[in-house]
Every structure is written in C-alpha cells, then in structure tokens.
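What follows is a single structure, written as structure tokens, with notes after it.
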Amino acid sequence: MSAEQVSGRGRLIVFSAPSGTGKSTVAKLVMERLGSLEFSVSATTRQMRPGERDGVDYHFLSREEFEKKIAENGFIEHEFFFGNFYGTLLDKTREAIDAGRNLLFDLDVKGALNLKKIFGERALLVFLKPPSMDELARRLQSRQSESAEALKTRLERAEMELSHANQFDFVVVNDDLERTVDLVASEIARFLPQS
Ligand SMILES: Nc1ncnc2c1ncn2[C@@H]1O[C@H](COP(=O)(O)OP(=O)(O)OP(=O)(O)O)[C@@H](O)[C@H]1O
Ligand SMILES: Nc1nc2c(ncn2[C@@H]2O[C@H](COP(=O)(O)O)[C@@H](O)[C@H]2O)c(=O)[nH]1
C-alpha cells in the first residue's frame, strides 16, 4: 500500500493510547468541537459491546470475512491483538481522502505508525497517555466491557504502547478531560489547512 493509491487532499488524524486511556471519549468531543472531521470506522472480529452499532463504531466481521478481505488486499493496515483482528478499510479510506474529507482514526500504535509511513506529513499522530497505570486500570474497570482476563491482557499491552509515545507528533496526558480536548482540538486545527 502506498500514498499514491490514496491521493486526495484529505488529511489523517490518528489517535493512539493504551486501551482505556480515553481515545474514543476524547475523539467524540474533538469531532463535536471541530465539526470538520469524520470518524474512520475500522473493521474488527471482536464481539460487539452493549450500545455499539455495526457500521458506526466498527464494521463487525466474522473471522472468515476478515481473512477474505486480507487476502483481497482490502486493508491499508491490520493487526491481530487481544485475540481479534482490527483493520483500516482501504476502499472507505480512499473514498474519503480522495473527496478531500479529513478522517480521524482510533488505532493501536502499530497501526498508527504504519499510517505515518504511508502518508507522512498528511497524517498527524496524537498519543494520549493515562495519568498513571492505576488510573488506567480504574478507567478500564469502570467501563465494565472486559472480563478480568481481558482486562489483564489490555493492561499488559499498555507498557509496549507507552514505549512508542516518542514517535508521535503530539503527546498529551489525558488527566483533565476538558483540558485534553482543548489541547488536542487546537493542535488539530493548526494542522488542518484553512478552508
Ligand atoms: N480524562 C478522563 N478522566 C476520567 N475518565 C475518563 C477520561 N477520559 C476517558 N475517561 C473514561 O475512561 C473510560 C475509557 O475511555 P474510552 O472508552 O474512551 O477509552 P479508549 O482509549 O477509547 O479505550 P479502547 O482503546 O479500549 O477503545 C471511559 O469510562 C471514559 O468515560
Ligand atoms: N491497528 C488498528 N488498531 C485498531 C483499529 N481499530 C481499533 N484499533 C485499536 O484496537 C484497540 C482495542 O479497541 P477496542 O474497541 O476493542 O477497545 C484500541 O487501542 C484501538 O485503537 C484498526 O483498524 N487498526
């Protein structure tokens, strides 16, 4: 996959953070604030959580469907972690970027760094850090979305994700939510071309 395959004017904003730091929460508020960003809906094989909607939060695929799409080169990037596949759909991304729309992605660190390799200056990588590992565990627990085993796996992966923070364009500790949204929204507004 190369940038030439997706050659439009649209920009890419990519959020990464250890699971439970608050990416989805911050992303939603930043999109409301700026108005000009569209959420990039990834595909995944994981189970839908209560309240999630197919095609809105994710495109929920079976393992067979996901593997077929990999074989057809249907993803810009995909990863396997937490026992499931996650991936960025090529067609939908190309359609949006070619039309000049700006996309906001919520990806793990490897996916984010892969998009940076492909899109270079057209992508802004934003890393959110949790205030502490204890607070991260509290946030994950409060969401009540994971079994005890899954929660442990997510916390274990957090160290690896944090070790890549220095490769991101903008890093902020997501402590006070309003402050985080202010800082991230300002950085994105500076990055996007003025229309
Ligand atoms: N600044 C904050 N202060 C306190 N709680 C927060 C803050 N930001 C998010 N949260 C809470 O932390 C929990 C996890 O947030 P969220 O689901 O947005 O994380 P995430 O990084 O998107 O996780 P995942 O990668 O697993 O999807 C939620 O209950 C959310 O309300
Ligand atoms: N590399 C990719 N990572 C992705 C993609 N979509 C989501 N994610 C990341 O997965 C974890 C877990 O998400 P959850 O919804 O199960 O809590 C999270 O860190 C996301 O950022 C993707 O397309 N590619």
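One-based numbering along the chain as shown.
Note that Cβ sites are derived from N, Cα and C of the backbone, with glycine treated the same way.
According to TrEMBL, the protein carries these features:
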| type | residues | note |
| --- | --- | --- |
| BINDING | ALA17, PRO18, SER19, GLY20, THR21, GLY22, LYS23, SER24 | ATP binding site |
| COILED | 141-168 | coiled coil |
| DOMAIN | 10-189 | domain 'Guanylate kinase-like' |
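Features per TrEMBL, on structure.
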residue	record	Cβ contacts under 8 Å, 6 or more apart
ALA17	ATP binding site	LYS23, PHE127, LEU128, LYS129, PRO130, GLU161, ASN174
PRO18	ATP binding site	PRO130, LEU136, ARG154, LEU155, ARG157, ALA158, GLU161, LEU162
SER19	ATP binding site	PHE82, LEU140, ARG154, ARG157, ALA158
GLY20	ATP binding site	PRO130, LEU136, ALA137, ARG139, LEU140, ARG143, ARG154
THR21	ATP binding site	LEU128, LYS129, PRO130, LEU136, ARG139, ASN174
GLY22	ATP binding site	LEU128, PRO130, ARG139, ASN174, LEU177, THR180
SER24	ATP binding site	ASP106
Can you tell me which of these binding-site residues sit near ligand 1, meaning the Cβ is under 6 Å from at least one of its atoms: PRO18, SER19, THR21, GLY22, SER24?
SER19, THR21, GLY22, SER24
List, in residue order, those binding-site residues out of ALA17, PRO18, SER19, THR21, GLY22, SER24 with a Cβ under 6 Å from any atom belonging to ligand 2.
SER19
List the residues in the vicinity of the ATP site, defined as same-chain residues other than ALA17, PRO18, SER19, GLY20, THR21, GLY22, LYS23, SER24 with C-beta within 8 angstroms of the site's C-beta centre.
LEU128, PRO130, LEU136, ARG139, ASN174
Cβ atoms near LYS23 (ATP binding site) (within 10 Å, other residues, all chains):
21
